[in-house]
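What Swiss-Prot says about this one:
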| type | residues | note |
| --- | --- | --- |
| ACT_SITE | 34 | active site |
| ACT_SITE | 77 | active site, proton acceptor |
| BINDING | 37, 73, 474, 511 | ATP binding site |
| BINDING | 75 | Mg(2+) 1 binding site |
| BINDING | 76, 77, 78, 79, 98, 221, 292, 293, 294, 514 | substrate binding site |
| BINDING | 99, 249 | Mg(2+) 2 binding site |
């Protein structure tokens, strides 16, 4: 997006002159929403970024796991994936891996959080197949397993899919790359040759999608996972030899962003030669400085360590160029073929203006709070519609394309539990639980409550695996910040996250914002969305829990069920409504219930644990009892619900469903305060109310297994 007149005026006043072509390109890249956070920065400061166990924020959040550091981050590649699903998604994977690598951590796992449009649309099928193939090919080839994720389908994302990828890495505590660059330190660009792919990609990501968007293919980068693998190996070796002071991925904004942000962060300047960089093709100076060619990293190296670093890079056949050094001037000075082509204050370029944009709730949004009287439904038909919804049904078609076994760390695999569980090979038998969640309907209907609900679902997923949640990162997707009625959603989502993270003492330690997720063809924005990736500590991976049951297990429901159908899958699948208020977030209750669950998991005889969320109790029972069937007694469900639909499909939080051996039930009930609401076995999924059968679904497993796949292939 071009600079505004006000921004151009500010630049000219600060420089005392008009910027040249190279400098203009640098400002356009760095001052884009994608790089500068100029609209969101004010509100992001509300988030609690620190805790005693948080070591570092920034490109990759780093958390102290006792014996090792764990780095993690989430980032989107929305606009590129809408235009070119395969390459857009693949390069998103590469970028997030390099962010983790920049801290010195070895990337050990990927997760994806994907939101697509109406699955009956051919455009959406193209998006799904391309995105999944891109993630699969890149992750599989680079040797990092994809261990979990979340996938949603909603008509408002038909032209604008949301594609986010999270990565987790592990670093020995004495090898974290977090040194302080100083004047004289060398700037080395390592990795792929720089080309014209990805030119001004950050600017592309900071505007609406338009008709004829094929013209934006130049902003889509080309992935090279084999070079990424060489970068991983070479940087980890240089890390081990302590040759790296600081490392930064050349992502959005390219050299313009990397040079200015690192210099500004440490109060330094830069002097660099653009013509020293290894190029794929002849390029002008402005193209070099804002190219976003992939698989490139900026290494800060002491002069005395350069020769040893060069030997490592040459060992792995990683191309590199020494393009300059840091100075004490506080200015970014660039040369091209002997001519000075840029001379800018680093801090001014890196930070840019901070905007205080107006925001207000759209008037039409108030009407959505009202939930009309719902007609009675056949409960069996309702269960079938909910279980066959692509939002509830199995995502096996997706995760079976991913290699989730490489690196031999994965304990709880995709489809097995609420969170992925990874071995800490560096400190057995400890492990990491990681989950990612989103719910665009919730954040659309009430962005504050909805954001908190999404956060708390990720919290429950981590707890259900047997882990104690430690930290989270967020990806926030919204429409244009220039429109007050759309920016309001973003502000309220951040307010919800800032509130809930403090209530449960799980800090949000990093994240990413993506604006302009709307298109000029329909004039519509997406449903504003929060994606949360949360990690937790598992004391013993051999005790990690899966969402499973065995024949004869009792079903114990922990937590109260409220009549909360607003924004539910039931409301959409059965009544085609997206209305009402999402479930009330109850963080203090969540924390209390979580402690009970973590105690109950230690009881011998607990077969499996599953949180109750999308699709309500009906979906939770069906998912837990696959292979056996189950009987659910609604009158045993605690809470102020009145209609059977509310007991079956309410998506109230702070609830877990446990599969428990009969002989362990008494102890589990004592620890959790839960109630026995059913039993596993018998074949179909049966629902009783006061002893009378009100629904029986024989084909529930087929609905779960094929609800998404049958519409996709």
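Cβ atoms here come from the backbone N, Cα and C positions, even for glycine.
Among the recorded positions listed here, namely 34, 37, 474, 511, 511 has its C-alpha nearest to that of residue 98 (substrate binding site).
Note on proximity: of the recorded positions 34, 37, 99, 249, 294, the one nearest residue 77 (active site, proton acceptor) is 34, by Cα distance.
Of the candidate recorded positions, 34, 37, 99, 249, the one lying closest to residue 76 (substrate binding site) when CA atoms are compared is 34. Annotation: no recorded positions among 34, 78, 99, 249, 292, 294 have CA atoms within 10 angstroms of the CA of residue 511 (ATP binding site).
In this structure, residue 98 (substrate binding site) is part of a helix by DSSP. Take the Cα of residue 99 (Mg(2+) 2 binding site) and measure to each of the recorded positions 34, 37, 73, 75, 294: the nearest one is 73. In this structure, residue 78 (substrate binding site) is part of a helix by DSSP. Farthest C-alpha pair in the substrate-binding residues 76, 77, 78, 79, 98, 221, 292, 293, 294, 514: 20 Å apart. Proximity to residue 75 (Mg(2+) 1 binding site), defined by a C-alpha to C-alpha distance within 10 angstroms, is shown by none of the binding-site residues 37, 292, 294. The distance from the Cα of residue 294 (substrate binding site) to the Cα of residue 73 (ATP binding site) comes to 18 Å. Spacing of residue 73 (ATP binding site) relative to residue 292 (substrate binding site) is 20 Å (Cα to Cα, whole number).
Spatial neighbours are here defined as Cα atoms within 10 angstroms of one another, and by that definition residue 249 (Mg(2+) 2 binding site) has no neighbours among the recorded positions 34, 37, 78, 474. Between the farthest pair of Cα atoms in the ATP binding residues (37, 73, 474, 511), the distance is 17 Å. Closest by Cα distance to residue 78 (substrate binding site), from the recorded positions 34, 37, 474, is 34. Of the recorded residues, residue 37 (ATP binding site) and residue 292 (substrate binding site) place their C-alpha atoms 18 Å from one another.
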